[in-house]
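In what follows, a single structure is set out as structure tokens and then discussed.
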Amino acid sequence: MSASGVAAAAPASGTAAPVTGDDTILELRNLEKSYGSVLALKPSSLAFRRGEIHAIVGENGAGKSTLIKLLTGVIPRSGGDVLWNGQSVGLANPQEAIDHGINAVHQEVVLCRHLSVAANIFLGDETVKFGLLQKREMTRAAQKILDDMGFQLPAGVELGSLTIGQQQLVATARASLRGTQFLIFDEPTAYLTRQEAAQLFALIRRLKGEGVTIIYISHRMEEVFELADRVSVFRDGTLVGTRNIAETNDNELVAMMINRSIDQIYHKEHIPFGDVLLETRHLSGKGFEDVSLTIRRGEIVGLYGLIGAGRSEFALSVFGRNPKTSGEMLWKGQPIAISNERTAIGLGIALAPESRRDQGLNLNLPIGLNLNLPIYDRLTRGLVISGREEARRADQQIRDLSIKTPSRKSLASSMSGGNQQKIVIGKWLNHGADLFIFDEPTVGVDVGTKAEIYRLFAKLLKDGAGILLISSYLPEVYELADTLHVFRAGHLVGSNGFRGASHEEVLAEAIGV
Amino acid sequence: MASVDVATAKAVKARRNYSFLFALTLLGLLVLLWAVLAFATPNFLTDKNISNLMRQGSMIAILAVGQTFVIITAGIDLSVGAVVGFSTVVIALLLQAGVPVWAAILITLLVGLGIGLFHGFGITRMGLPPFIITLASLTSLRGIGLLMTNGSTISIQNDAFTEFATLDFLGIPSLFWMVILVAVPAYVFLNHTRWGRYLFAVGSNPESARLSGVRVNRVIYLAYALSSIFAAFVGVLLATRIGIGNATQAEGWELQAIASTVIGGTSLFGAVGSIHGPLIGAFILATINNGANLLNVNSFWQRIITGGLIIVIVYFDQLRRRGR
């Protein structure tokens, strides 16, 4: 193992010596990416060898996606260098990456659903004779390609008629053509059946045999150990280290993925629990199944799990956005049916949703309107809104939460991530609630604002509220939650048994090692 | 608020100044057009022509205000021209049947309400795009109106009713008073009631509005209902002006209404719009048409000029938004 492997306890700075020799195909030298003052990828150096399968693991937000986007030319880098076969390359746009032979299979299928499988495989590279598409010829050629790859898929059908997993295989077939030498897989097995996954693995091994370098990003440890030659671990935008697969084990990798140093920012006070606010009994709905839990006044219930594990779907169901399909809900001891958001809000439930941009904010409207949106019926006197009251309520939240804005009339889109999150939270403080559901409240939020948000949690608890805290950032739920549940693939796993469990054990439970 | 960002503060002020400046620019454009026409033709600045211009502009102005509610929710209402034509038929038939004028007007407005609710139903319950459901109304309402009259024109024999459009009050044509009658409550509604806020919220991000407890479907019903009621009202006004009911009237008015709205600074992407903008926009278009007539410009040119104007104004608006 070369010098790029660095001990887990001491995160790599940008100075790790680059690996050379060993027939390096692509090398990162202090590659970095920043958005304003936020470093999404701290200077990282890493060398990929020709014909290796290199796994990349890390928690959500660790910098893996940023790395892929940089390598495929989707976003420009902020610093450092990328060497392709020893030559410095710009990778300024996706086409340049493809021209070099760098391709990616993304988590979501980015193909044309309404075209045939064959048309998708040859998109941009169609067989043409006398200016006419040779459909039959292309279908035949595509079928041969799919058969050779061992995928049992018909080339003539419309892509949209296939399952997501099958579409993923078509995307893989497409990406592995055209002189691809460097192929990135981002969570490729998320939607695949066991059998499809086996077909994919066979293809990956064959590509490796042909000298193609494979980058394999996955949360699933067993796949990493089954496929990879080497594995690199990312954490908080930093390359923590690289290991030969034969010389490591899941415990070491999990330890590398978790930040051991618990920051000062977690502000936790223990408040005696009060009455039960919400109880769910065997609740099932879209994306989650058989979830039973209770939340009391004064309690933070943490839901940990990877994105897509069903946590947010559960929250949206409790909030009335998506109806439950079975099970029971009790609110303050009474059975209750929450069929829409207004019922939930009327009961005293507030939701700060997962995506600020898509669900939480009206970005191109003023901050004041965002803050007052749930309470306009209260602000109305007779037929019209009391302008003074509207201003007073907005300004009060801006002051209490120290939202850094010159005016309530500024647009929400002009605010930073942290201030935007405060607006989403302020909306519900303005309205008031007994149960606050916070879904990923600190994603893209700077450390200072994080600390403010955690202090706010303590205040809400003291005022008698209960909190459901959803996060895929383990230290956060681990430190703050009084009761910790882990979601995996739509189910609660090993509920309640996590006080005293180590970070490693919790993460292992979520990943399913 | 110790660490207020100075740059953002400036941006806020600039934006507020901008929307004021934009309105002022539009008004300036209108005045400029009048000044040029006053010099270029002896007939422009006559009492008769000015009241004619106001009558012409009034009806499109009212349509544009209704259209604005819909466009603020990021929708579109292509049916308004057809609703106007259909409403002239409805009120003409009612008056022919001897229904009192007040009842005939009320029933016509209720028919408008029904059409708007139908659009709301198509969008929220059937999941049809606004463009499609209102396009369907555009064509079928004209058909229904023609069926009801067997393709003929119904003349209105009620003198009190047909006289209305020719009346003046304080030297201002009655039709223009109707604009004020509609615009003042519309302004209060859009800017000073919660439903106005909800229109903007739904146009900006329906999911966020919904998760904040806004009944998004009702807001959409409301927007289309208002647009259709306004159109039915314009149908009544048109009937008084021309004294007939005919389903083919007001051909293409939906495009003029949309053009006025867009020229008035409303964003077709939703969540941006005002009442005064479309009003000024409507009178700019009316002035161009009027001026072209007086100058003996081929009427085909009017259409071309309107198209060019839409491109120029929206382009400048885009530049401004990007520059922000």
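Residue positions begin at 1 at the first shown residue.
Cβ atoms here come from the backbone N, Cα and C positions, even for glycine.
Note on the transmembrane segment (B:20-41): residues 263-265, 274, 276-277, 280-281, 283-284, 287-288, 290-291, 294-295, 317, 320 of its chain, located 6 or more positions outside it, place their CB under 8 angstroms from a CB of the stretch. Positions annotated as transmembrane segment by TrEMBL: B:20-41 (among others).
TrEMBL lists B:62-95 (among others) with the feature transmembrane segment.
Sequence annotations record features per position, and here TrEMBL assigns transmembrane segment to B:128-149 (among others). Here the transmembrane segment (B:128-149) has long-range neighbours at 70, 75-79, 81-83, 85-86, 89, 93, 115, 118-119, 122, 224, 245-248, 254, meaning same-chain residues at least 6 beyond its ends whose C-beta is under 8 angstroms from one of its own.
Per TrEMBL, transmembrane segment is recorded for B:169-190 (among others). Residues 51, 54-55, 58-59, 61-62, 65, 68-69, 72, 196, 199, 230, 233, 237, 241, 273-276, 279 of the same chain lie 6+ residues outside the transmembrane segment (B:169-190) yet bring a C-beta within less than 8 angstroms of a C-beta in it.
Annotation comment: TrEMBL describes B:219-244 (among others) as transmembrane segment. Among residues of the same chain six or more beyond the transmembrane segment (B:219-244), those with a C-beta under 8 A of the stretch's C-beta atoms are 55, 58-59, 62-63, 65-67, 69-70, 72-73, 75, 77, 79-81, 83-88, 90-92, 105, 108-109, 111-117, 119-121, 123-124, 130, 134, 153-156, 161-165, 175, 178, 182, 195, 198-199, 201-202, 209, 250.
Summarising the annotation, TrEMBL assigns transmembrane segment to B:300-316 (among others).
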Message: Within the same chain, where does the transmembrane segment (B:300-316) have neighbours whose Cβ lies under 8 angstroms from its own Cβ atoms, ignoring anything closer than 6 residues to its ends? I mean 6 or more beyond.
response: 256, 259, 262-263, 284-285, 288-289, 292
